[in-house]
């Protein structure tokens, strides 16, 4: 099993392990692909996507026993059985009470795979799952308690089919999954599932990444979004890059236990535009701005929690009230305004309030293009959503323009032969 050409694992100064280019890669060029070591389709996409290959199609066939897993055909069903058998009978016996989290489901699959797979897999040419960083010593009590509740769920839902190692080994594995797991997303950045991609996990983070990770089914594809020269380290981004430096580093420290020293974090060059305030004849005081940033950070977190218990209408009202309040100090292109507009747009799409969704999307797209790096999937997916909204509302001229903007980014990020590209080209022919 050979390593991809033009790349090598190395010790990155101050960062630990990393991946380095040993030749040049052009913009849009594929560096390598990595099949998922294990993966799981998210509950809400059941019936829309095949549980095995993640293909999106109508008329998928149900598992005859549990009626909860869906497949393209018999081959996909057989391919998935080694993993689905961990859950099939438990789904039947627990019925509505079968509710392990996605992390628990993914970890159960890792344990099952490790039982049968003793050799290194094609997903581990640079880095093996056993080498994953866990940051166990850095976990606070809250994170440890979450892991313990995941372990309890693992015992509850999987004890018939999995024989566990001791508790300490499970804590270690869950900590590894929390730091090294990936979410698989579609072309509009909707969540499709969770997966482990060991070779992708080797790459270090930068807020100015030179590659982008996209997905073709359950395979990760890594392409250059800047020219890469021999000797350059290959950097991905672990987080959403919309936010200002302090927020990005808080998120990195909370999830991955480090802060970033990339060019963007050192210069904070984009922060003034990201945090721009209104130019008023009576400018707000420094304290007023500080208080509003604090309010904005709190409302972002509050909204994230509210999604689990509030109705869509209540969520939309929450967005509108916060936008009114922040709008007295922040300009519309301020990232906290954009964050709440994006949430509001999502609620409007869910409620099928197309005009409302369009209103927010139109305000978001221009600042997104400024705040995000070139060839950003966040920008591409926003153009795509807008294009599809325009087309649905029979505004074909402007819809065509928006879809073409999405296409221009995606041809670099996803590669010209990706099935998403073919689908969008088909939409442009209508």
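Note: Cβ is positioned from N, Cα and C throughout, glycine not excepted.
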Annotated stretch (zinc finger, per Swiss-Prot) among the listed ranges 11-49, 50-88: 50-88
Which of 135, 339, 371 belongs with 15, 16, 17, 204, 205, 256, 257, 258 in the S-adenosyl-L-methionine site listed by Swiss-Prot: 135
Inter-residue C-alpha distance, residue 50 (Zn(2+) 1 binding site) and residue 88 (Zn(2+) 2 binding site) (nearest angstrom): 16
DSSP-assigned states of the zinc finger (50-88) in counts, ordered helix, strand, coil: 12 helix, 5 strand, 22 coil
Confidence summary for the domain 'SET' (5-239), mean pLDDT rounded: 97
